[in-house]
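Student: Sharing a structure, written as structure tokens. Questions coming.
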Amino acid sequence: MKAHGLGHKASASWLLLLSVAVFLLPWYKVPPDGISALWESAFFHAMAGRLWLLPVIVLPIVLLVVWQQRSALKRQIMTLLLLAFGLLSLLLQVSLIGLNGPLFTSVAGLFPGASTGQTGLGWGGFLTAIALLGLLANELADSGFCKGDRFAAAAVVFVVALLGLFVFFPIIKLATTAFTNPEGGLALQAFGARLIAPELWRLNCISSEGGSCGVVINSVVLGIMSATLSTLLGLALAMLVARTGFRFTKTLRAISILPIITPPFVVGVALIVLFGRSGLVTGWGAELFGVTPSRWLYGLPGILMAQTLAFTPVTFLVLLGTLEAINPSLEEASHTLGAGPLRTFQSITLPLLRPGLAAAFLLAFIESLADFGNPLVLGGGYEVLSTKIFFAVVGARYDLGNAATLSIILLALTLGAFWIQARWLGKKSYVTVTGKSDAGLAAPLPKPLQAVSYSIVGLFVLFTLAVYAIVLLGGFVNDIGRWDLTPTLRHLGTAFSVEMGGNGIEFYGSAWSSLKTTLLVSALAAPLTTAIGIITAWLIARQNFAGKRQFEFGTMLSFAIPGTVVGVSYVAAFNVPPVDITGTMVILVICFMFRNMPVGMRAGIAALSQIDRSMEEASQTLGAGGFTTLRRIVLPLVKPAMFTAMVYSFVTAMTAVSAVIFLVSARHNMATAYIMGRVENGEYALAITYSAVLMLVMIAAIVIFSALIGKRRLGRRVPDNAKPQLSEAVSVN
Amino acid sequence: MADIAIEFIDVVKKYNDVTAVDQINLSIRRGELVTFLGPSGCGKTTSLRLVAGLELPTAGQMLIHGRDVSRRPASERNVGMVFQSYALFPHMSVLDNVAYGPVIRGESKHKAHARALEILELLGLPNLSRRLPSELSGGQQQRVAVARAIAQQPEVMLFDEPLSNVDAKLRRKVRAEIRELQQRFGLTAIYVTHDQEEALAVSDRIVVMNAGRIAQIGTPEDLYDRPNSPFVADFIGDANLVDGKVAAGCFSAGNLNLAIPGEAGNARVSIRPERIVLGGSAKPGSISGEIVSATYLGSRMEYVIATNFTELLVSRPIAEPRLGLKQHVSLVINEKDLTRVS
Ligand SMILES: Nc1ncnc2c1ncn2[C@@H]1O[C@H](COP(=O)(O)OP(=O)(O)OP(=O)(O)O)[C@@H](O)[C@H]1O
Ligand SMILES: [Mg+2]
């Protein structure tokens, strides 16, 4: 039939892929050093006794027969049923048969011969799943899903499948790991015991006997203190910028970008260099005031300092947004009613700021819970959930069950905070005006508050400058830790020496390998993250399909999960068949893709909401399918969003540590993991040098991205929405 | 039938619980310009989008040139659409906009550009081809939008209120241009508007819609002279709707008695204001009334006349002698000007 000509062509390609995957490609994972045996396809294995592979093998043949059916309706229904059956059988067999045969003895009867067991899926297996999903999407489109657009239908199906596999599945796996023992049996008692363990909840630190509190208590206390401090600091900064004639607004905004291009650990290291036992400031203190050097920095004070430095920019941006949205005429009205500046601030400005304050506080709280780098470097004996989880997986006492339990607690705390934030902001946001009002001048800050703000900000800026001065300096002096300032290039040499050998340039430096991996992973992750983020944004903003709300929720969930939890859940999920990909570079890229996708998604949704959708419809009536329309119409119009997504995902991939630290391997080490190793060995100078190099690379990359994505050549019909700004990325995160 | 271009068969479109289009049956012949006319929210745009493939029907079938396209997306139909907002691509030059369709459908860039230029020339825009849409006036943008839709040689052209962004003076000219173009190319076209004058001026046939259903289909004359319902009578032009009784082939209301075909019972008739003739004084066989308002409208006078059965709106050419307030007049109504609407 002519009407289905195109549909058949697309289906035929998917069918071809399915056949190749089933008959020609190795079904199972090929070990890294193994040789790919091309004949070890599903077909081969099924003949050799793995009978559970038969359904996917006969499927292409049955489909071909069914497609000879004349009645379109019958053909469609039968194809859908067959595909559902194929997918289900695949899902069942990969989830029920493990390395050593059936996972539960009760299912052994279902899969005769399964006692041989099976390893993780290889190219054949993965491509089979992809082909089945592609066929499914095509069939759904032909029956009207996504208004019949094949690309949109495929995008929905694949994004849902990917989210399922890389966001939900790991979390479910994490939960089952917590509830079961390594042998696969239910172990609720063990879970209960871990859940109420005193090392999580004890309150010794406030009792008279002294001692340390449980990790949960520690995490929450740290979170609250750090959120309070950074909210107050952020408020002071925002007040200065919005309510005084402060002249260094640009500088402040620039400084607020620093934390996201700062590799982890360096701030901690810089603090050690300044305030550690043999630190610079400590030395001055001892000399001038006779203060005995001590290790006060290690523990709550140090982490608090580092976190406050890192989160203040975020709270600053959030509060600045709120302050700028407050209609100045309200404050003016208060003045005309006879209230003084201080009174007005108290009774008008502050209450209006409350939603912003809550948002800033909760954001900082969530980030503090998720923070891994600072507690690791500066924690000393102060254990928090994220570090505890790390040592349960990586340390000498490997205990995935315990790590999973701790992760669930951390996840519950984070989701709880997100939930409160959503509730609070939903109810209490008395937005006074939408957009800006030019109805008056903002009330200047009352004098006493102004003085306080200025001194706080002065301190903050001084502190930031000191820390970054050390980062800049540290790599090029003999030993910054001991304050030996003899200039030298030896650290740079250790990390990045090159020599002209017989075979051209040889990279000798110890950091080259991790730098190469990091660059490769980031360069792969950035476009992929952007692609999936923008496609998801497009689906949410432009397509209507059943289950869209759940879909949206799913994408936001991946945003809310702390990195440490993601790391553990990936270890739990992808260390075993069927998707056995730990130790590869793929898992690093995937991890970044799904962690950073929401930033591109949000930027994309915001950009798309500014674009008249009839432009895309025009493109469709002119004969362009979903993909062509996306490429030729949508993408050129959402370039700023792409830029934000691209830069954010690249930079985060270079600086993230909490999730990848679980996923790196000797073959594929990442820069941050390497730096962490140096910090643990006390090789501060090397860590600092490497960090400085990374920051340079990031700045260069941002320049390259903006050149690649290019300037927009648009007319007045499209509002010039927000220029690409990194600070946007910060505030959405 | 071979000369049917578009066919709606029992087409229903629901958005969740809103039924935007409710069981529409309609055939549009090749080369015909059909207007969808109706009040806001009656489902005109939705019907148009169903033809384009921008919406798929909840039930029923959509045929284009005999081919069932009910489940085919817009990109697999060959339908040109001119959007209310024009929807020109802001990042492409006028030429690239017009050449977009041919390029997408696989023509070489060179050929597509040549074709685009040809069409732009036809529409009197050849020297704008290098500009961006943002550098054009509203009227020019509208023509570029038409050119872009025509460039792909569509089987069907769709216009969704194409003149709503054109300023009032220009409308008459542009609508004549669209009509001329449609006839020159022999295009099958659907034109959506809620301006009844526009509909009367451009259409071969008009489809009057009300609340998702078709109220009446017919030529402009049909609809104006023979509305089938009070809704249509009232929506197209002005109408006096008079309630009365039909008995023995005669409609009577007050002292109005006129022969009318059809069955006996309660009836409502429509009388166009300009079909009522006014005389200076009461004559036998006429009805009489008193003028309660007289409005000068430049080209004509509008009177509201109170009779003993209802108030009637009467419109007379300005050349006739002016009548004053409170004046008693006789009204002459012809049998053929009476249309029974219920
Ligand atoms: N995407 C949508 N989702 C839900 N309801 C819709 C949607 N599009 C249209 N409707 C509803 O369907 C009905 C018909 O809408 P439609 O746009 O076809 O009206 P219209 O006749 O074109 O009106 P107008 O003259 O105002 O353009 C309206 O009640 C409208 O609210
Ligand atoms: Mg409309």
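Every residue, even glycine, has its Cβ placed from backbone N, Cα and C.
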Student: Taking A:188-204, A:579-595 as the choices, which stretch does TrEMBL tie to transmembrane segment?
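Tutor: The range carrying the transmembrane segment annotation in TrEMBL is A:579-595.
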Student: Examine the ranges A:358-378, A:400-420 and name the one recorded by TrEMBL as transmembrane segment.
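Tutor: It is A:400-420 that TrEMBL annotates as transmembrane segment.
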Student: Cβ under 8 Å, sequence separation of at least 6 from the ends of the transmembrane segment (A:42-67): give me the contacting residues as numbers and ranges.
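Tutor: Non-local partners: 8, 11, 15, 18-19, 21-23, 27-28, 75, 78-79, 82, 85-86, 89-90, 93, 97, 110-114, 116, 118, 124-125, 128, 132, 135.
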Student: Is the transmembrane segment (A:553-573) in contact with the transmembrane segment (A:12-30), using three or more Cβ pairs under 8 angstroms as the rule and ignoring pairs under 6 apart in sequence?
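Tutor: Answer no: the transmembrane segment (A:12-30) and the transmembrane segment (A:553-573) share fewer than 3 Cβ pairs below 8 Å.
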Student: I need to check the long-range neighbours of the transmembrane segment (A:79-100): which residues 6 or more away from its ends have a CB within less than 8 Å of a CB in the stretch?
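Tutor: That would be 52-53, 55-56, 59, 62-63, 66-67, 107, 110-111, 114, 117-119, 121, 125, 128-129, 132-133, 135-136, 139-140, 143, 576-578.
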Student: Most CB pairs under 8 Å with the transmembrane segment (A:641-664): which of A:519-541, A:553-573, A:579-595?
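Tutor: Top-ranked stretch among A:519-541, A:553-573, A:579-595: A:519-541.
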Student: Taking contact to mean 3 or more CB pairs closer than 8 A (sequence separation of 6 or more), are the transmembrane segment (A:553-573) and the transmembrane segment (A:254-276) in contact?
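Tutor: They are not in contact.
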Student: Are there residues at least 6 beyond the ends of the transmembrane segment (A:151-172) whose Cβ is under 8 Å from a Cβ of it, and what are they?
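Tutor: Beyond its ends, the transmembrane segment (A:151-172) has Cβ neighbours at 129-130, 133-134, 136-138, 140-141, 145, 411, 532, 535-536, 538-539, 543, 545, 547, 551, 554-555, 557-558, 561, 566, 569-570, 572-574, 579, 590, 593-594, 625-627, 630.
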